[in-house]
């Protein structure tokens with residue numbers, strides 16, 4: 001039965017992707033029906049905020065994005081610092097320490113949701129609602145807006161206006177879907193209240209304080225926006241965030257909903273639906289490979305414990321919730337790192353070496369399918385690299401969507417693709433070279449190295465999950481991961497928007513017999529190969545020194 005449930009879940013991922021992709025295209029391309037429903041409210045927002053609906057250049061678009069996000073970071077930072085004297089604080093939680101507030105504000109504005117605090121004990125209700133939940137809407141709306149401008153540029157159209165796209169992302173996508181799914185989560189047993197903790201008496205006669213709060217509304221946007229941060233410190237392992245298998249499947253569907261829809265949106269917007277389907281299928285094959293790998297590893301159990309004769313029929317159950325089991329815990333770990341969400345229903349630090357390698361590789365690739373918007377930008381970056389390499393091999397000028405890929409575009413892409421490895425490996429080396437970093441490691445040897453690299457990888461690609469054996473609630477880790485999150489988020493968004501703007505100005509080259517097609521199985525294979533060769537091999541030495549070496553040691 002468990003495998004039937006897995007297949008049904010996978011089919012649900014596939015079935016909802018195309019309709020959602022069609023809806024996104026209509027939401028941002030001026031559907032008359034949607035304009036009638038949402039238009040009056042949006043125009044009121046534009047009037048109050050003074051937004052004028054005009055087409056921006058790529059520099060204006062990028063500057064608007066960065067400035068608005070920067071302003072939000074500052075506002076939320078002060079909410080965290082002052083929460084002790086602000087209302088909606090029934091637990092009387094004190095203001096955050098400066099570096100932790102810095103880290104947390106950047107974490108949620110960049111859609112990372114890395115948490116160096118425990119949710120129920122570190123934030124007041126005001127901070128959870130006005131600070132965290134607000135950014136959980138604003139962060140994915142930012143990148144969904146940007147990816148629409150990015151696709152318009154690839155299609156040779158005007159980029160649009162950031163503030164208009166940002167507003168539409170909120171009013172037409174995130175608010176309505178999050179509202180409906182929050183009600184579903186309430187029906188499934190997730191609490192939604194502004195009352196404080198309650199005191200219960202256990203069967204042993206001991207009094208226990210049970211924390212609750214506006215959890216359902218938090219969880220819906222947490223998953224839909226690929227945010228991933230937990231209302232509670234234990235995230236989606238907590239029964240109030242994820243009561244059972246139905247809520248577990250719904251959370252995975254929400255995580256995959258927008259990332260899997262964007263290839264179809266892209267295909268419709270650029271006038272090549274088949275290319276969108278090829279991208280979707282190619283990435284789903286990589287996703288399946290990751291799921292099969294992690295599930296096989298976890299079901300085989302820990303080799304060291306197996307050698308001691310310990311029963312392992314259920315696989316490696318360390319760090320997993322019994323109500324989800326090994327298979328669905330493995331699927332959740334694959335989904336949350338493929339969609340760059342970072343929510344967890346099992347502790348990733350307790351995964352087997354190869355089991356832990358899959359989430360790490362998913363994040364390093366940042367394309368399968370990646371987070372809302374930002375992941376799809378990376379997908380197209382790899383697609384352009386695949387076209388460029390193919391063109392060089394046959395001696396033709398590379399073309400993508402009928403436009404020549406030349407030096408300017410490839411220089412921007414080269415800088416972008418090198419930036420993330422430099423961030424991840426550079427800061428990992430810094431942490432390993434000082435006691436400020438190594439003192440946080442709870443496991444010596446290969447696993448300790450993986451803990452450090454996982455933390456910076458998760459920060460750079462805005463995932464937010466962690467190997468939580470790492471003691472990262474220190475000034476060093478707060479500042480360094482904060483910088484990595486900020487740079488990892490905005491650098492690639494700006495450079496790839498510049499690539500789209502450059503292609504927008506180019507004329508379409510007529511298709512000939514010798515044109516390399518990007519909407520067939522051959523391109524899909526080359527695309528996957530490019531991701532593996534360029535993406536995975538960049539980090540291969542680290543993977544050998546970390547999870548692979550740990551696996552061989554246990555064997």
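A Cβ is built for glycine as well, from the same backbone N, Cα and C atoms used for every other residue.
If you look up Swiss-Prot, you'll see 2-22 (among others) marked as transmembrane segment, on the strength of sequence analysis. Here the transmembrane segment (2-22) has long-range neighbours at 245, 249, 252-253, 256-258, 260-265, 267-268, 276, 280, 284, 325, 327-328, 331, meaning same-chain residues at least 6 beyond its ends whose C-beta is under 8 angstroms from one of its own.
What Swiss-Prot lists as transmembrane segment is 60-80 (among others), and the listing cites sequence analysis.
Away from its own ends, the transmembrane segment (130-150) comes close to residues 24, 28, 58, 61, 65, 68-69, 72, 76, 79-80, 105, 108-111, 113, 123, 159-160, 162, 165-166, 168-170, 173-175, 178, 214, 217-218, 221-222, 224-227, 229, 258, 262, 371-374, 376-377, 380, 493, 496-497, 500 of its chain (Cβ-Cβ under 8 Å, at least six residues beyond either end). The annotation transmembrane segment is assigned in Swiss-Prot to 130-150 (among others).
Residues or ranges marked as transmembrane segment in Swiss-Prot: 173-193 (among others).
Among the features that Swiss-Prot reports, transmembrane segment is placed at 246-266 (among others), with the record citing sequence analysis.
The transmembrane segment annotation in Swiss-Prot covers 278-298 (among others).
Within the chain, the transmembrane segment (374-394) has long-range Cβ neighbours (under 8 A, six or more residues past its boundaries) at 111, 143, 146-147, 150, 154, 259, 262-263, 266, 279, 283, 339-340, 366-367, 400, 405, 409-410, 413, 416-417, 462, 489, 492-493, 496, 499, 516, 518, 523, 526-527, 529-531, 534-535. The transmembrane segment annotation in Swiss-Prot covers 374-394 (among others).
The transmembrane segment annotation in Swiss-Prot covers 412-432 (among others) and rests on sequence analysis.
According to Swiss-Prot, the transmembrane segment annotation covers 483-503 (among others), on the basis of sequence analysis.
Residues or ranges marked as transmembrane segment by Swiss-Prot on the basis of sequence analysis: 525-545 (among others). Within the chain carrying the transmembrane segment (525-545), a Cβ under 8 angstroms from the stretch's Cβ atoms is held by residues 278-279, 282, 285-286, 357, 360-361, 364-368, 382-383, 385-386, 389-390, 417, 421, 424-425, 428, 446, 449, 453, all 6 or more beyond its ends.
A contact between the transmembrane segment (278-298) and the transmembrane segment (412-432) is absent, since fewer than 3 of their C-beta pairs, 6 or more residues apart, lie under 8 Å. The list of residues near the transmembrane segment (483-503) in space but at least 6 beyond its ends in sequence, with Cβ under 8 angstroms from a Cβ of it, reads 57-58, 61-62, 65-66, 69, 103, 106-107, 110-112, 114, 143, 146, 149-154, 156, 159, 374, 377-378, 380-381, 384, 400-401, 403, 408-409, 412-413, 415-416, 419-420, 423-424, 427, 456, 459-462.
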